[in-house]
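Reviewing the structure listed below.
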Amino acid sequence: MDPPQVHIDQYRSPDTSNETKRSDRGKTFRIRAVPIAWDSNRLASFLRDSTDDTHPTVLSLAPEIHGRTQTATATFLRVPSLPRGVKAWRIPLPAGDQLQNKRQKSIELDGDFLGVTTLYHPPPHEHQTDIVAISGIGGHAFGSFKERGGDYMWLRDGLADDLTTARIMIYGYKSTIPNSKSMQTLADLALSFYTSLESLIGDEDPKPIVFIAHSLGGLIVKQALAELAKSENDIHMELIQAVHGLVFFGVPNDGMDIKSLIPMAGDGPNRSLIESLSSSNSQMLRTLHQEFHDILGPETVLVTQASAINCRRWETGSAYICPISRNHSDMVKFEEEDEEYEKVRGRIRNIVRKAKIHPPVYDIRSRVIYDNTYSSHAQLVVRTNQLADTQNTLTQVHNGVTGVSHTQKPEDGSHQEVKDAFLRSLGFSRIDDRYHAIDAAHPGTCEWLFETPSFQKWRNRDELELNNGVLWIKGKPGAGKSTLMKHILHWCENPDHFKPQLIVRYFFNARGVSEEKSVLGMLRSMLIQLLTEDSTIFDNFFQMFKQRDMNKQDWVWEVAPLTNFILELAKKKASRPMVVLIDALDECDESDVRLVVDFLENLSCHATYSGFELRICLSSRHYPNITMNKMVQLIVETDLGHENDISTYIKAKLRVQDDGIQEKVQKKADGIFMWTVLVVSILNKEFDQGCREILEKTLEDVPGDLEEVFANLLLEHGKADPEAALMFQWVLFSQKLLKPQELFLATQMGLSPDSNGVWDHSKYTLDYIKRRIVAISKGLIEVRSGGDNDDSYVQFIHLSVKDFLSRNNRLQALDPTIGQEPVRLSHRRLWRICWDSINRFHAQNADFSNDDPYFESQLSSPFIKYAASFLFDHANWGISDQQKGSGGWFQNPFKPRNQDASKEDLEKWLNEHKTWYQLWQRSPRYQSGLSFQLDVSEGIVYVFSAGGYVRLLRALLKRRSVDVRAQSDYHGTPIHAASYFGRIDIAQTLIGAGVDVNAQGGRYGTPLQAASTGGNKDLVQLLLDADADVKARGGRYGGALQAASFNGKRDIVQLLLQAGADLNAVGDEYGTALYSAAYSGHIDTALLLLDEGADVNTQGGKFGNALQAASRKGAQDIAELLLTAGADVNAQGGKYNTALQAASIDEMEIVKVLLDAGADVNAQGGHYGNALQAACYHRAADIVPLLLAAGADVNAKGTYGTPLQAATQSAGVFGGEIVKQLLLDAGAVQDAASSRGKVGGRKKVKPLVLNK
C-alpha cells in the first residue's frame, strides 16, 4: 500500500508553547511510536515518502523508557505544521509494521515534548546511568536546552557524546504563564513527574538516576523526592533509592521575585502556583526546604553562602563556586565548544562517574542516606545569585562520604572514592556465598588438625626449604575438607594463635556463578581483601592501575596483571606476614586448576626466596597428576582425629543409643563425613517411625559408597520419581541459579499439561515450596538464602551430587526418555518447557504488548523471565547437529523449504510469536546487547552469532534464505559480533558460509579490529588465515593494531605486526599504536612497539602525540619511557598543545619529569593557553609552585584571561585560595585584562529581564 501523502501547506502552526511559537525553520519535532526495528535511515525514508517535500533530518533515535517503541527528534526543511488546536500528527505505518503490533498503527509527531522523551540510549550492555532533565517555568522541555538561534541542543548533541554510558531523557510539562488553563499545584506537577519515571524501575537492575533541573524544574524534583520519601509503595521506594545526583540551575529554593509574573498570570488558574513561589512569604517552600533537608541529611552537602541560593545555614566558602556567564534564561543554553558548558560537563561527568562506582542506598524509614558497600554520595547544584545588575550563575559541588558521624576531609574522601571504585570493580555477585554456605564444625570436632605434624610444620614454618610454607589438605569427596578449611580460617583469625597477619581466603564454588569457579574470580577476591586491609598495598595497586579511565569504560580485569601484582607483593615483602587459604580447588573450572596450582607454587617460591613470611593452605580432592614440588600434605580420611570427629558426630546425632550400631556406622563411613550425615538421617527416620528393630537391616542394606547412597535415595523400590528427575535436570542444566519458586513452577509446567505457570500464593506458600523441593529431592537439593526470600536460590548439597548425576547413566535411570544423549535431550526437554511456558503465558495475556506487564507478571509467573531469557540457550544445546532449521520452533519463517524466506513470512511468524519476542527483548540476555532487527531474517543470524549459539546457527545456515552479511548499527555484521565476543566456533562457521572477513561496519570497523579489541588471539589468527586485511582503516580505534595496543593485548600486537600491520599508521582519536598504548597506560605494549621501531614523535590523535597522551592520562612510567626513546618534550599539537599543559591539569609527578626534560614552561596554545593556566583553572595547588619555580609567566594571557582569573573561574573544588595566594605572592596583577577582551576572564552579561 502506498504511504499517505500529507501536504504541508494546508496546515498552520499550533499556539502551544514558546517552542511552537517560533518560526518554522529550525523547529524540532518529536516523533513517537517508531517501530523498535527501525533505524534513522528507515525513519527518514518513511517521513520523506509520507510527506510532501519536507526534507526531514533525523537527529536522534532511541528506545522509549517502556522499551516497546522508539522516539526520535527531527527537523524539516519545510515544516509539517498542524491545524490549530491539533496537538499531534499521526502517520499510519506500513501494513507490514502494523502486523508486528496490532495496536501500533501509526507514528506520532508533536512539538510540545510533554512527558518523557529519550534523546539518547547507549548500547544495552553499556547502559550504566539515567539522566533526566526538566525545564523551568515558562520553558520548553526541548527548547529550553537549545542554543539561541540554532539547532544545537547540548543534552542531545554534546552530553550524549561525552557520557556514552548514560541514557539521557527530558521531561516536559505545561508551564506557560500567560493564558494558562492549568490548575496544577507544585505537588500535582511533582506527582505527574515521578509517575512518568516509574518505568525506570522496571529493570532487574535499576540504573542510578541523575536529575538536571532548571528553575521551577528543581522545585518539582525536590517536591517529587519529598513525596517519594513518604511513600510506602515499593516502586516509589526503589525510585528514590536510585536517585544519585542533582544538578540544579537557578533553582529558587527560597523563592523568587514574582512581581513581573503576576500580570502575565492575571486571574488565571495558575496564579496560585505562581504565588506559592514568592520569596517574600511562601510556607510551601519553607516546608519543602525542611523535607528536602531531612531526605538528604546534613552531612551529605557542602555548599556556598550566597543569599539567593541559601539552602543550609552553614553554607560558606568561595572554594565551591564556579561562575557561569549566563542570565537566568540562558544558563542552560550552550553552544558547541562553549566554555561554560565545559565547566558544567565536568561536574555532571563527575556525578555520573560516582553513580557508576557507588550508587547510594536510602533507608526510607529513617529518611537518612547511608552507604552501600564501598560507596559514597555526590551532588552538583547550579544556582543563580543576583548581584546588582549582573546575573552570576554559581556552581556548587557537594562531595561527602555519607553514613558517617563526621565530615571527611576532601583529600581523604577523594582517596577513599578511588579506592572504593577499585573495590567495586573487582567485586562480583555472590563473591562470598560459598564461604557463608559452609556449615560450622560440629562442637568438639576439627581440633585434632592443629596438633598434626603437618599443621605444626606449616604453622611454625619448619622445614621451609622442603615445603615453602604450603600445606595441601586432600581428601575424598564428602570427607569434610571445606568445613576444616573454614575452621582453619577462624583459628588463624584468633590473635592468640598468630601475630597480626594479612589473611586472604577464597572458597571455590562449582555450583555458583562463573566467577565463583574461576581463577580470575579468586584473584579479584584476593585483591579486594588485600586492598581493604592494607593501605600500602592499595597505594601500590593504584600506581599500577591508575591509568584505567573510570569515566569512559568499565574495567575489564585480566588474570595476568592481577597475578603479577600479587606475586610482586611476595617478591618485595608486603607490610605484614600473609596467610592464603584456598578451598575446594576441585570446584574450580577444570581448565583453571593447573593455573591456580602454578600461581600458588610461584607465590610460595617468591616468598621463600625474598624472605617474606607467607603461609599457603589449600584443599582439594586427590589429584593424581597435579602436585607441587615443595609442600607438606595432609590426608583427611586417613587421620585418626578425623575418625574421632565422625564418632563424635554419630554419638551426638544418632538417636538410637546403641554402641554396636554406632560402631558399624563409623566403620562403614570410611572417613566420608557426608555419607555419615546422610545415613544418620536415614536411620533416625526409621527410628522416629518406630522401626528400631529393623535399623540393623537398614544399615546393612545402605551402600558404603556415597554415590550408591544417592542412587538408593532417588530410586526407591527401583523406580524414579518423575518430579525429582525433572528437578534434578533443572538444577543440573539451568543457565543461572534458580529461585525456589522458579524451580517449583518450572517442574510443574513440565509435568502437568494443565499448569499455567501462575504462582497461586494461597495454595503454595514459599515455605511450602522450599519444603517440597527438599522432600522430593530426598534432601539432595537445598535452598540457600542470599539475604531474604527473594534472593533465595537452589543448589545441590554437594558437588558430589552433580558428579553422581553426570556419570554412569545415573540421569538416564531417573529419566529413561533421554537415552544415550542425556545432556542434549535434557536441554531439549527444558527448552520445550520454556516454550510451552511462554505460549501459555501468551494465552492468558493476549494484550501483553500494550500493557507491558513483564515485570508485573513476576509474582504471578516467576518462571516466565527465565523462560524468555534462556530459551535460546536450551534450544542451542538441545538441537541435533544433523537437524535443519532451528529446533522446530523457527521453521515458519523459512518455509517453503529450499526457497528464500520472504519478509512477509518472517513478519507473520513474529506476529504469531510476539509474546516470546517481547519477553525476550526485555530479558537480561537481550539487555546485554544481543539485539536484532525484526523485519529481516538476518537479524536472527546476528543474535545467534553474538550469543554464541553455534548449533542453532549451523542449523539455520543449512537453509538458503539466510544472509550472513546483514549489518547492525553497533557491531556490524554477524562476523563482527562473533569476533568481538570471541566466538571462534561461530566465526569458523560464518567463514565457512562465505562471509566477507573484511566487511566494514559497526563500532569497530572490521572483524579484525573487533577481535583485536575483544582479545581472543586464536580468533585473530583465524581471521588472518582467512585473508583479513591487517592494514584496513576505520572503526573506533582506526585500525586493528591500535585496538590491540589500546587494550593492552600484547600477544595480538605481535601477531598483527608479524602479519604486516603498519606500525606508524595514524587513526583519528587514538592516533598511532604507540599513542593508543600510551593513552591507556599499557607499558609492556609500548615497549614492544618501540622495540619494533615505532616513531615516538608521530603526530595524531586527540592529544597530538604519544607523550601528550601519556602525560594527560597519568602514565608516568610510559612518559619516562617515551622521553628516553627520544620523544620531543616540546612537540606541539592536539588538544593541549604541549605535554606540559596536558600534565599540568592534575599530574604533578609527570610535570616534574617534563620540566626536568626541558619542557618550555611558557609555551602558548592549546585548550588553556599555557601550562600555568591549566594548573590554575584546575586549582592544582601542588603543580602551580613547580611551574612558577620553572619560570612560568604569572601574568601570561590565555583562554581564561590571566592565571589569576583562571583560578577564579576554576573547575576545581578545593585549593582555590591557596592557588590565588601563590599567584599573588609571585607578582600576579589582579586587574589585568584578558587577551580575549573579557573582563575578569568572563564575558560581560546582561541583567535578568523577564519579558512581559
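Going from the start of the chain as shown, residues are counted 1 onward.
Cβ atoms are placed via backbone N, Cα and C, with glycine included.
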When TrEMBL marks a stretch as region 'Disordered', which of 1-26, 391-416 is it?
1-26
Per DSSP, what is the residue count of the repeat 'ANK' (970-1002) in each of helix, strand and coil?
17 helix, 1 strand, 15 coil
Could you give me three numbers for the repeat 'ANK' (1003-1035), the DSSP helix, strand and coil residue counts?
17 helix, 1 strand, 15 coil
Secondary structure tally of the repeat 'ANK' (1167-1199) (DSSP, helix then strand then coil):
13 helix, 2 strand, 18 coil
Residues from the same chain, set at least six apart from the ends of the repeat 'ANK' (1003-1035), whose C-beta lies under 8 A from its own:
970-973, 975-984, 987-988, 991, 997, 1041, 1043-1044, 1046-1047, 1049, 1051-1052, 1055-1056, 1059-1062, 1065, 1067
Could you give the residue numbers and ranges of same-chain residues that sit at least 6 residues beyond the repeat 'ANK' (1069-1101) on either side and whose C-beta is under 8 angstroms from one of its C-beta atoms?
546-549, 1036-1039, 1041-1050, 1053-1054, 1057, 1061, 1063, 1107, 1109-1110, 1113-1115, 1117-1119, 1121-1122, 1125-1128, 1131, 1133-1134
For the repeat 'ANK' (1069-1101), jot down how many residues DSSP puts in helix, in strand and in coil.
17 helix, 0 strand, 16 coil
Do you know the mean pLDDT across the domain 'Nephrocystin 3-like N-terminal' (444-621)?
88
